[in-house]
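TrEMBL lists 41-146, 147-252, 254-354, 355-464, 466-574, 575-683, 693-799, 799-885 with the feature domain 'Cadherin'.
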Amino acid sequence: MTFFSPFLTCKRQSGVKYTDNQRVIIYVKDVNDESPYFINRPLPMQAVVQLNALPNTPIFTLQARDPDTDHSIHYFIVRDRTGGRFEVDERSGVVRTRGSDPFQLDMEYVLYVKAEDQNGRLDDRRFQSTPEERLSIVGGKRPPQFYMPKYEAEIPENRKKDSDIISVKAKSFADREIRYTLKAQSQQGAGTFNIAPSTGIVKLAKELDFEDLRHPHTYQLTVTATEDSGGFSTSVELTIKVTDVNDNSPKFELPDYQAHNVDEDLPLETSILKVKATDADSGSNAAIEYFVSDDHFSIDSNGVIRNNKQLDADNNNAYYEFVVTARDKGDPPQTGSATVRIYTKNKNDEEPKFSQQVYTPNVDENAGSDTLVTTVVASDKDGDNVRFGFVGGGTKSGQFVIEDYTGVIRLHGGSIDLDRDKYELNVTAVDDGSCCEGGATTIHTSTAVVVVFITDVNDNKPVFKDCPTYSPKVLEGAPNGTPVIKVQAIDEDKGVNGQVKYSIVQQPNQKGAKFSVNQETGEVITNKVFDREGDDGKFVSVTVKATDHGEPALEGVCSFTVEIEDVNDNPPLFDRQKYVENVKQDTSVGTNILRVSASDEDADNNGAIIYTLTAPGNPSDLEYFEIQPESGWIILKKPLDGCVLREKYRLQVQASDKGEDPLIAVVDVELDVVDRNNKPPIWDHGTYGPIIISENVTVGTVVTSVKASSGIEGNPTVFYRLIRGSTAQTNKYDTFYLQQRQDGGFTWADIKVNHPLDYETNKEYNLTIRVENNGAQQLASEATIYIILEDVNDEIPLFTEREQETVAEGEPVGTRVSQVNAIDKDGTAPNNLVKYYVVNSEGKDYFEVNEFTGEIFTKYVFDREKQGAYALAIEARDSAPSARPNSNGQPNT
């Protein structure tokens, strides 16, 4: 029968496929196709019957099993050799006595029995059944019966001493305890095994060794089971076979085999020598196969080594050394090894070989006589001497000569006129056959080509002649790839030495290049979209490098500043989200009521702000108030205590910049009219500051403490609140926080640092603090706190990266090589004033640097053939003691 679990139907949407997995349980129905079988043990079946046993006395129980689930087992006596003295219960299988006659002592009564599965019908007359089994019943007593007619065991030779080998067991028909003894059938096996008397467990009494001829490979033992108190005994044979373990490695007859004077031109598959290994184990554990570690040779099953490849006396120091391994076929296999050395005899069969077939040296166009051009190298594997020359014979070709023993090619000693771009020379190498006996009878020659290229001398570096005039501009927000400027460097050399390619030099601490340059044309374009008010700032430095194609290449650099022009992309931002102020009803006309303030990060007119006042809810409110367009002060222009007295005025101020397409911001202003008798809190000062603090003060430092009186006699309680503005300068990010305290009968407000300060990010802060009294009608007053940060020396000068510089050999002392530049981001001098010094390095004695400009000059006349490169370390150091931890008053470097 098959069952399905519940499933979920999913709706198919266009282009979407759904699948669902289901668990299916399948039950397999049993078919009665297995025959029953007896499970009685030991076999053959044996039993005893008491001589005076009464009828129906049970003396044995037949037991059968059938794997089928619907079996129905029945037991039957097939043949009765007892004269009807016994019967079997068809369902239970219990064999009982019949009749009242006594049974005879030692008489054997034999029954043949079987079991049938009467649900497993074979045909109309037959059922599935067991084979007939013989049941022997003896009157009175009979000896114990072992559960097996004989016992056999097989153990490896490395079986541990005292380990269990086999367990034998016998059945007592008198229900007595049985004692077991063990005896070897030959003297050779005595004492090797013992048996536990009560359990019948046979153990190994001493260690075995299959290879020891004193130890048999098969032990014939007799186990005897004896009933306690003088009962019967019986014996059974126990055979224990010892198997070989692969515990011996193959061993070669010699540790080192050698063959001498083997011709290097020996035909393939020629027998060279024979090795032999033996293994003390037996059978497959002693069967040996051979292997060699060098694929020049092979070895067969008899240990004969032959050459698999052509031998070469000119390699491997004229001999071959390799390892031959003998491996048996045990599991796991064991191995042994020996060393083989085959010494070869040399013959003159190799021609000289040049180190390269084509040599391409370069010679300067102004080279003089005897100038070294190149050295050709050839070697002969046979060990012959080699002599050099030009094709056609001789050691001179045009303006070039070659030394016959060294292969050195030079310009000749006369006047030199290298008026071509290249010269092609054909050189020869000839051996002399001195390697071996009879070698001179066969002489070998090889050739190579030397192409001498005449090169321009690269003694001019690229120069940006107009670099001082570069002052490009680019609009912020311009798309990536916007053209900025086209730079040009001139190299006065000829050919490739005068060809330049351009690249951008990465600026310090810059993530990715902000500009890219066409390496062929020098056109500089933007590599990002700039934001003048963001991290890019108003000016961006860029350094372009020009590199010629000379060898070594010479470089020139040009650094200039790109001005990021402002775009009106920032709207004004009010320093508060809403303004609320109290106005006494008897306030005089012309009084400044409240000042609103907005800022715009754009520059010039794009950042200049004009304020206008509206009253969207009640336009007539504008009869009472007006705003100064430039300052943002809201002024009372009509008395508030007229015939109609209002409690609240709701106004709206719009801030608009002066850009071509002005951007605006709007803020709500709520003016609460209070009774003329109510008094607002009174500040000690309307404005506090400027308060100057260092940028590295710790979090929690008190910047200033301010206080105001409540203005209510007898009720001094006041509450302070620091207004969160809309910009970083007006505490948008909670850079400062307020903490009230009581002191001397007054409530003070301590202004504290909440986050680390950074002069290079924000130089000043304009905080608004509000105080409210606790009168029947709470009135408030505001004050302004100006905080100015003082720059400390916490920035490290960082170099503009330079790859390498070049200077021509022979230039006089004082030659300008390059100029380094480091930037210190501190905001003020001397913190950001950088000076340059040469520190201990390879080039210290050869170069000097201008302390203020970073220009590097030579102190030495260089010779490139003596030394071709120098490492020079320059230190950039600012001009004030460092404010960084553990600086010990030293400048940042």
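Cβ atoms are placed via backbone N, Cα and C, with glycine included.
Since this is a predicted model, take the numbers as computed values, not measurements.
Counting Cβ pairs under 8 Å that are 6 or more residues apart, the domain 'Cadherin' (799-885) and the domain 'Cadherin' (466-574) reach 3 or more and are in contact. Counting residue by residue with DSSP, the domain 'Cadherin' (41-146) contains 0 helix, 52 strand, 54 coil. When pLDDT values are averaged over the domain 'Cadherin' (41-146), the model yields 94.
Helix, strand and coil counts under DSSP for the domain 'Cadherin' (466-574) come to 7 helix, 44 strand, 58 coil. For the domain 'Cadherin' (799-885), residue counts in helix, strand and coil come to 0 helix, 22 strand, 65 coil, using DSSP.
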